[in-house]
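J.: These came from Swiss-Prot, pasted as-is:
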- Thr174: active site, nucleophile (ACT_SITE)
- Thr141, Lys163, Thr174, Glu252, Asn374, Thr379: substrate binding site (BINDING)
Amino acid sequence: MAEILMGVGNAGLKESGNPDILVVYLPYPCTASFVFTDNYFKAGSVIYSERIARDKERIRAFVVNSGNANCGTGEEGIKHAEMMAEKVAQILDIPKDEVFVFSTGIIGKYLPIENVLKGIEQACSNLELLDLKRASEVISTTDRFPKYDFAKAGEVETFGFAKGAGMIHPSMATMLAFVFTNANLEYLTLKRIHESVTEKTFNSITVDGCESTNDAFGIISLGEVEADPETVEFELLKVSESLAKQIVADGEGATKIIRVNVRSAITEIKAREIAEAIANSLLVKTAVFGRDPNWGRIAAAAGSTEFPIDPFKLEIYVGGYLLYDGKPHDENLEKAKKHLIEDREVDITVELNEGEYEWVCYSSDIGYDYIKLNAEYTT
């Protein structure tokens, strides 16, 4: 396995005083694909890195600062992102256009750029082997725990780390995620796989329905082994789904992961829209927090999209227990309630009984601590 290096620095961006600068240094230029937030109010680092990604298919290093989003800071914010890339490139003696920049944290404050550049110098002077757990900790903001995973299938190794807990909503979330594969992938193949994986994972999670200004998800191919693209895609999907679920599990104030599976739809887009409506419903989320198998809220959310549903064909299951199929099944309410109380992952399945398409979204419950945390944390 190629030696990926990382360095950690401190620019004083976090109130806790914890390290807030991460530099990841690849042993050679690697094929990479990135997707960024769809939010029009983009951070300076997103604007800068998007410009590079449009013209560049390879990456040699990336730098992340945590604690300051560098967003709402105008042209100066973009310039600061460029200065961060320049500093990494200068110290590591690599092309500036092979250095990507990412920021996460509080919106609307200028980066103390001199401190950030000193933090980058510190990080680049203390390079060591990539530690997924440590990397996730450095880029975290309101996260309660680090997010990382590793998978191996034959010679194919897939691994990554992420951050995210609030402002989680499809397209994408308040999240950063970086996933690596040792498989050799041409750029167009990687891009196709990346788009598919993104839609099924990070674009199918929600915590609070709030879309962030700083999101990015990158997949980097180290090009060490030849492998079937389908195998590589499966492994990338597995690790990315794990990271996405960890983000949902860490939803601010969350006590449960909610898996919403809408099945037997006439089209995939219909299945997805209905799944997202249920996953985003505050009434569904609060019912789960209260351990209440309230299938009526699920039905109401399912019927709230532009796509019609037939209430006489509709089936609703919680924890595998049928609660509605054109009529209530109150005899299963206590079993469903027990599932909500005892299981960390709550399963909600909706059968439309009209076609063959399905979609899965992951969400979290929402309770008192979400309000407390976000009332006390400046965005």
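In case you wondered, yes, glycine gets a Cβ from its N, Cα and C as well.
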J.: Going by DSSP, is Thr141 (substrate binding site) part of a helix, a strand, or coil?
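T.: Once the DSSP labels are grouped into three classes, Thr141 (substrate binding site) ends up as coil.
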J.: Can you tell which of the binding-site residues (Thr141, Lys163) has the fewest other C-beta atoms within 10 angstroms of its C-beta?
T.: Thr141
